[in-house]
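Everything on this sheet refers to the single structure shown next.
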C-alpha cells in the first residue's frame, strides 16, 4: 500500500535533471576515448604572420562569435538549476561565445519551469542562444521553445541510446525522421540535429542531410556518458553498453566525408564538434577534421561547480582555450579559421584503422592543400 505522495511525471523529470548533474560531476569521461590523440597537426617552421593578428572569430547563425566555441546544452527545467544557467549565460555573454540550453520539455509542460531557461536570454541578450527539444516535439511546441528564449537556432537531441538506458525512456523511434523533417520545414530558425555522446555515422549523416538537415552536432563518444549516467541512476553498471558509440574524432571524419560526398557544390553542412573536447588543442583538431564550431559542456560544468569561485574558474578555462587556439593557428601558419581548416593533418592509430575499414580515405585530410591533391 502506498504510504507517501505519488510522484508525478514532472517530479520524475525534475529529479532526473538533478541526477544528471550529480552523476556528470562524479563520473569520468569515456570509457571510449575521444580519439583526438590520433589526430596530428603539421608544424610550420616558417610562419608568415604575427600571432597577435590572428583572427579566431567565426560567423555562426547570423552572428559573430569571438572564438568558435559554444557552451553546449547542460540543464534546465527545475528551479534548482536556474542559477547554473544564469551564471553560464553571463559567462558566455562576457566571452562572446554561444550557449545552448538543456531540453525544454519540462517548461513546455509546466510554465513555472520557464524561468530556468529564460534567464539565459536575460543574461545574454545579444549573443547566440540555442533552444533544445526532443525529436517527438510537435512543431507548435518547438516554436514555443524557440520563442521562450528568443533562440537563434533549435537543437533536436537524438538520444536513442540514452532513452534505451532509462527505465522510463522512450522505446518507439519510428516517427523521429518524419518529425525532424517537419521541424526543419516549419521552424523559423535553423535546426541542429544533435547527438548526445554516441556519435553520428556516415550513413546517419547522409539520412539527416536527405531530411534537410544542414547543421549537425556530432556529439561523439569520449565525454559525458549518458548511458553510464542512466545506468547509475538505476543502480546498474553494464560495461559493454557504456562503451557503445563512435568516438568524437571518428564521427567528425565520417560526417565531414559524408558532406563532401553527398552535397552539391552549392550546398553546405555546418558541423559542430562535441563529445569530450577538453581544451583548445582538441578543438583545433576538430576544426582540422571539418568542424566549424566546438562545443563543451562537461568541462565547463565541472569548473563551475567544483571550485569555490566557479564563475572565475570557467572564465579562466575559456581564456586558456582561446590562447591554445591562437598557438595552434600560429604553429600551422593560419591567420584565421578558414585558413586553418585547409591545412593538412595526419590521422593515426585506431581512428585511421576505423576510417580505412569504413572505406574513408585519410588522404582527404593528410594531402589537402597540396599542388596535386588527392583524387576522389
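Note that Cβ sites are derived from N, Cα and C of the backbone, with glycine treated the same way.
When the candidates 144, 194, 316 are compared with the FMN site entry in TrEMBL, which names 73, 74, 75, 103, 132, 224, 276, 277, 278, 297, 298, the shared residue is 194. Counting other CB atoms no more than 10 Å from each candidate's CB, the binding-site residues 73, 277, 297 peak at 277. Around residue 163 (Mg(2+) binding site), the C-beta neighbours below 8 angstroms that are at least 6 residues distant in the chain are 169, 170, 171, 173.
Taking the C-alpha positions, the distance from residue 277 (FMN binding site) to residue 162 (substrate binding site) comes to 20 Å. Note: the Cα of residue 73 (FMN binding site) and the Cα of residue 162 (substrate binding site) are spaced 15 Å from each other.
Each of the binding-site residues 75, 132, 162 was scored by the number of other CB atoms within 10 A of its CB, and the lowest score belongs to 162. Residue density at residue 224 (FMN binding site): 26 other Cβ atoms are found within 10 A of its Cβ, drawing on all protein chains shown.
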